[in-house]
Each structure stands twice: as C-alpha cells, then as structure tokens.
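For reference, TrEMBL has these:
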- Gly15, Thr16, Ser17, Met18, Asp19, Gly20, Ile21, Asp22: ATP binding site (BINDING)
Amino acid sequence: MSDPALLTAIGAISGTSMDGIDVSLVRTDGDARVETGPGQCYPYAPALRDQLLALIADAPRAEHGALDDLEAAVSDAHADAIAQFMTEFSVDRASVRVIGLHGQTVYHRPEKRFTRQLGVGARVARALGVDVVNRFRHADVAAGGEGAPFAPLYHRALASRLEQPVMVLNLGGVGNVTFIDGETVIAFDTGPASALLDDFVLKRLGKPYDEGGRLAGSGQADAAMVASLMKHPYFDRPAPKSLDRNDFHAWAKAVESLGDSEGAATLAAFTVASAADAVRHVPRPPVRWLVTGGGRLNATFMRLLHDALGVPVEPVEAVGWNGDFIEAQCFGYLAVRSLRGLPLSLPTTTGVPAPMTGGELWRAA
Ligand SMILES: Nc1ncnc2c1ncn2[C@@H]1O[C@H](COP(=O)(O)OP(=O)(O)OP(=O)(O)O)[C@@H](O)[C@H]1O
Ligand SMILES: CC(=O)N[C@H]1[C@@H]2OC[C@@H](O2)[C@@H](O)[C@@H]1O[C@H](C)C(=O)O
C-alpha cells in the first residue's frame with residue numbers, strides 16, 4: 001500500500017543519445033522516501049530524431065536558432081509519450097501531482113551560462129491537464145553552476161541504505177558519476193560514453209549502437225592512441241565539471257584511421273579509461289561501482305571497467321534499481337523537490353555557489 005504522504009510524479013527525459021523519450025513514475029516526498037513505478041521508452045519518429053541530430057551537429061543553430069517548430073514537435077512527442085504511458089500503465093491522470101519535463105538537451109555551455117533543453121512546459125501541461133515543472137538546469141547555470149549532472153541527489157536518495165562510499169556511473173551518451181559517502185555527494189561528467197561509439201558504429205556499420213559491445217570486444221584497442229586521448233585537459237580539471245554530447249568528437253578523430261573492430265575497441269577503452277579516472281577526483285576509493293544507463297548493456301565496457309577498477313562493478317539491477325529509467329525517475333523526483341523549494345543541485349554536484357533549487361512550474365489550469 002502506497003504511503004499517502006508521498007506525491008506521485010511522472011518524469012520524462014530524452015537523453016543525449018536521442019533514442020527516444022524515457023517516461024517513468026515515482027512516488028516520493030522529495031527527500032529520502034522514494035517508491036519507483038513502471039517505466040517505458042517511446043522512440044522518436046525517425047524524421048524528428050534526424051532533425052535533432054542535425055541540430056546538435058550545428059552548434060550555432062542549436063545555440064541561437066529560432067527553434068519554435070522543432071520545439072513544438074519535441075513537446076508534442078513528450079506529451080504523446082506521457083499520455084501513452086498513462087494509458088499503458090493505467091495511471092489515473094488525477095493522481096499525478098506533477099510532471100517533471102526534462103526535455104531534450106540540444107546545447108550545453110555552462111561557461112557561457114547557457115543551457116538549452118527543448119520542451120515547452122505550458123504546452124505539455126495544457127495537452128495533459130497536469131502541472132509541469134521544466135527548465136531544471138537553468139537557475140543553476142545562471143548562478144554559475146555546471147547545470148549538470150542533476151541525477152546525484154536522486155542517486156543519494158536511492159543509495160541511502162547501501163554500503164558506502166559507492167560510485168554510481170551513468171553510461172549514457174556522456175558518462176557521469178556520483179560519489180556517495182554519507183552526506184558527501186560529489187558528481188561530475190567523466191567523458192564520452194556511448195555517443196562516440198554510437199556515431200562510429202553508425203558510420204561504419206549503419207547500426208545505431210554496438211549491440212552488447214560485440215564489435216568493440218572483437219578488436220584490439222590501440223593502447224598508444226588511448227593514452228594520447230587521455231591527455232585531454234578535461235580529465236585533469238577538478239570536479240564539478242560537465243560536458244556537451246559532442247565535446248570529444250573532434251579530439252577522437254584519429255580513431256577514424258583504424259579498422260572497424262580496432263576503432264570500436266579503442267573508443268571503448270577510452271570511455272572506460274575516462275570513467276575509471278574519476279577516482280582521482282573523489283576523496284576515497286569507492287567500495288563498489290553501480291553502472292546505469294544503456295552503456296551497462298555493453299559487455300565490453302563492463303569487462304574493461306572491472307579490470308580497471310579492482311572492486312565490484314555491477315549494473316544497478318544488482319541493488320534492485322532499474323537502469324533504463326533512473327534518469328526519468330530522477331526528473332519526477334526533482335519536480336517534487338522543485339515544488340517543495342528544495343535544492344536540486346549542490347556546490348559539490350554542479351559547482352553552484354550554494355545549494356540551489358530550480359525548475360519552472362506551468363499550471364495545467
Ligand atoms: N543492448 C545494448 N548493447 C550495447 N549498448 C547499448 C545497448 N542498449 C543501449 N546501449 C547503449 O546505450 C545508449 C543509450 O543509453 P541511455 O539511454 O542511457 O542514454 P541517454 O539517456 O540518451 O544519454 P545521457 O544519459 O547521456 O543523457 C545507446 O545509444 C547505446 O549506445
Ligand atoms: C546538459 C545535459 O543534458 N547533460 C546530461 C548528459 O547526459 C549524461 C550527462 O550528460 C549528464 O550531465 C546529463 O544528464 C543526466 C540526466 C544528469 O543531469 O544527471
């Protein structure tokens with residue numbers, strides 16, 4: 001029986017890999033109490049995904065362009081996905097207090113105090129008849145924070161009963177970690193995760209990603225190239241720090257000279273080396289790593305992480321979490337925190353000068 005003190009929220013996010021819209025339900029007090037519900041991914045229509053991929057490859061347009069039509073289409077895709085979710089899982093609209101609409105990041109430059117997520121709160125609230133919170137990252141960035149990652153406070157809520165320190169690693173388009181040790185929460189983006197490998201595999205094999213990490217697992221990484229890729233100044237920068245999806249594409253161009261399996265193996269080794277390097281930026285070594293995001297399904301990533309870290313490295317399912325929907329749940333959780341005026345980010349998670357609330361509320365009526 002659900003606790004009546006908890007609010008029901010639906011979170012929706014389309015991540016940097018742009019595969020589709022993840023939708024999930026949570027019931028929470030916005031603090032330590034969280035009950036997770038179902039989740040589902042609703043793929044973008046191919047034409048919309050193509051438009052979004054083209055947009056993020058064109059930074060000036062992603063930053064300054066008038067994107068009204070595209071943003072309306074992205075908003076409607078989110079509203080449709082959430083409506084479908086409520087039907088599919090028999091969620092009574094009236095029981096949902098708030099929708100946490102992360103939307104689609106198309107440009108993220110915290111050093112310019114600028115981040116852009118597509119998703120019009122008023123439009124989605126009107127379409128669904130439910131209050132919406134969106135623009136989660138804007139207040140943080142405006143105050144000088146990195147505006148990402150935002151999952152850490154949700155990770156802390158989920159990890160409260162686990163042995164600590166524990167590291168949660170999200171291998172999405174970009175990699176990010178949350179180090180949790182009691183009240184200490186340190187977070188930052190680690191480097192590339194699936195986006196580099198996805199784009200390589202698409203170019204070479206016409207496939208959206210390296211299923212199971214099989215291509216990467218069948219080749220030999222070029223160790224000298226990995227060592228030189230690890231010389232990127234980002235890795236020495238102290239945390240907090242964050243990345244845009246394509247920040248390593250130009251840097252990793254040398255991989256184009258390699259064959260298919262060697263190239264994929266080299267990108268996988270680079271991804272894992274950058275994630276493992278995160279231990280240099282936390283106060284003490286984690287006793288365990290829990291891996292979330294689509295990259296946990298890449299067996300080559302998981303094997304290399306295990307070899308590199310020397311402590312247990314497991315998918316988050318090992319502790320009963322759902323690695324496909326943590327981010328969607330997170331924005332439902334953060335929407336409730338926003339309603340309650342609680343911080344969404346901390347100096348140790350985004351570098352914001354003081355704990356900071358955020359999000360904008362769009363009432364359905
Ligand atoms: N079966 C699989 N085998 C290998 N890799 C997979 C598999 N399924 C998904 N992936 C990888 O996971 C990626 C999607 O991960 P995820 O959905 O966590 O990313 P995202 O949420 O879009 O990104 P981010 O967290 O950066 O916003 C895919 O692009 C692919 O590279
Ligand atoms: C600006 C932006 O959308 N960043 C994403 C991206 O995808 C992974 C990583 O880069 C992380 O920083 C963030 O997403 C997750 C949900 C976060 O904020 O925790």
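Glycine residues also receive a Cβ, built from the backbone N, Cα and C atoms like all the rest.
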Revision key, fill the gap. Counting Cβ atoms within 10 Å of each Cβ, the densest environment among the binding-site residues Gly15, Gly20 belongs to Gly15
Review point. Taking the center of the Cβ atoms of Gly15, Thr16, Ser17, Met18, Asp19, Gly20, Ile21, Asp22 at the recorded ATP site, which other residues in this chain have a Cβ no more than 8 Å from that point?
Key: Ile13, Ser14, Cys41, Tyr44, Gly173
Review point. Which of the listed binding-site residues (Asp19, Asp22) has the least company, meaning the fewest other Cβ atoms within 10 Å of its Cβ?
Key: Asp19
Exercise for review: Please list residues from the chain of Ser17 (ATP binding site) whose Cβ is under 8 angstroms from its Cβ, counting only those at least six apart in sequence.
Suggested key: Gly172, Gly173, Ser194, Ala195, Asp198, Tyr209, Gly294
Exercise for review: Check the binding-site residues Met18, Ile21 for other C-beta atoms within 10 angstroms of each C-beta and report the one with the most.
Suggested key: Ile21
Practice item. Run through the Cβ atoms and count how many others sit within 10 Å of the one on Thr16 (ATP binding site). Key: 21
Revision key, fill the gap. Of Gly20, Ile21, Asp22, the binding-site residues whose C-beta sits under 6 angstroms from any atom of ligand 1 are none
Exercise for review: Tell me which binding-site residues (Thr16, Ser17, Met18, Gly20, Ile21, Asp22) have a Cβ under 6 A from ligand 2; sequence order is fine.
Suggested key: Thr16
